[in-house]
Amino acid sequence: MSAAAAFLYAFQQNLFKYVGPLLIVIGTVSCLLNLLVFTQSTMRKNPCTIYLITVNSVNLIAFYFIPLLTIFSSGYGVDLTGNNPVFCRLQFYVGFLSSSLESSYLILASIDRTLVTSSNALTRKRSTRRLAITSVICVGLFWTIFHVHALIYSQIIQYAPGYSVCYFTPGAYSTFVTYYGLSLNGVIPPLFMLILGCWTVKNIRKVRHITQHSGSTHSVVVVVGRPRILESKDRQLIRMLLVEIVTYILCKTPIISFLIYREVTRIQTQYRVMERSSLISVNVKYDEKELTYFITMEGKLSSALSYFILDLKSILLTSKNPFIVFDELGRCLMEDRLVGELYRSDENTPVQIHIVQCNEQTNFCCQVTFIENTEYSQSECFMPTTLWKQMNLWLKSQNILSENAKESYCFWYIEQQCMIDNNQSLSSVLNQVESITVDVIDDTDFVDVIV
């Protein structure tokens, strides 16, 4: 694994581990302070305050579901959602619900401020505490029922023994969630907030213009103390709400941009429909984990390995030692190759790829050099556990002895003057010797002698 990838993974892990809890503490304190201010007797009767109290209550609850579970998973390696179906379903349900409630209540608060700043007296009277409470309850019930689908279609998908992921049910529901998140939880709420915010600012400027015009015509405007206090609170709430809306839009913009970019690139991608028989099955194994991928004959081995790394990044990227890739014959694959060129016993069997983690104190490769008539030579690296019968298959698969092709070959150990058992491994024959010389002989040249 590259040093850059390992560094990025370590940086991400430390970010979630140390910065994540700090952000939750800051968010919790901020929400509690807001609730302390908004629940004062002089503030809580205002309709806009009711919406802001609800928004902060939703955010306070959401902090301890979505961010906290992510911090445990990415920062401390404790994946509660990947092993517990209850946490898996609650994660998506609370995530959808909190996001919808927050944006909806901010939109309702924006509508209330638009009504309050209207120059029409009848319009201003529609901003009431009763309407605010009714709206909060109705919107809350609607989104609570609407998002029940997240409790039904969220599931734990197991990719390999000991490796599972909490995600949506693949297919139509996954597509629905993508477009739902892009529209109702993405583009539409900030757009509504932006329109209502501009409308509110326009109303405020209109009121100021009328006031200035009244003063220029020498008309007398009398404002008694109590209404002036209410106007001051309304202006403060408008400023606070505008700050809340701007912060919401700034935080949502990167996510919305990413979702739009992903969908545009996905739509522009050209897909080919082909028969399953035209694809090659590639089994990638590491330790006790095994994943299967389907790739075309012209596909590269690196494609399967890149997906394998993404699927097991929490395991592979944490290691500082490099990894070596071997094929079914135990041959080390130093360079990227076409999948169709990799060894498999027949066309109906999958390509077997083994990934082994290196150890600084162990030799993981044995170099084998085939020399024919001192004019042609070919070198390959193999695993020490590679059997000599696998070497036999390698010789035949590479057509190295094509001119004198035989069904099978035997290996004669020159120094020991004996034939090597095909079930022996390379390391067992080498033992402590640095190198040995072996003759490749047709097995028909040997005669069994029974003593």
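Cβ from N, Cα, C; glycine included.
Keep in mind it's a predicted model, so treat the numbers as computed, not measured.
Taken from TrEMBL as is:
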TRANSMEM  18-38  transmembrane segment
DOMAIN    30-310  domain 'G-protein coupled receptors family 1 profile'
TRANSMEM  50-72  transmembrane segment
TRANSMEM  92-111  transmembrane segment
TRANSMEM  131-157  transmembrane segment
TRANSMEM  177-199  transmembrane segment
TRANSMEM  237-261  transmembrane segment
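Contact between the transmembrane segment (237-261) and the transmembrane segment (18-38) is not supported: fewer than 3 Cβ pairs lie under 8 Å, counting only residues 6 or more apart in sequence.
Computed over the domain 'G-protein coupled receptors family 1 profile' (30-310), the whole-number mean pLDDT of the model equals 79.
Put simply, of 50-72, 92-111, 131-157, the stretch with the most CB pairs closer than 8 A to the transmembrane segment (177-199) is 92-111.
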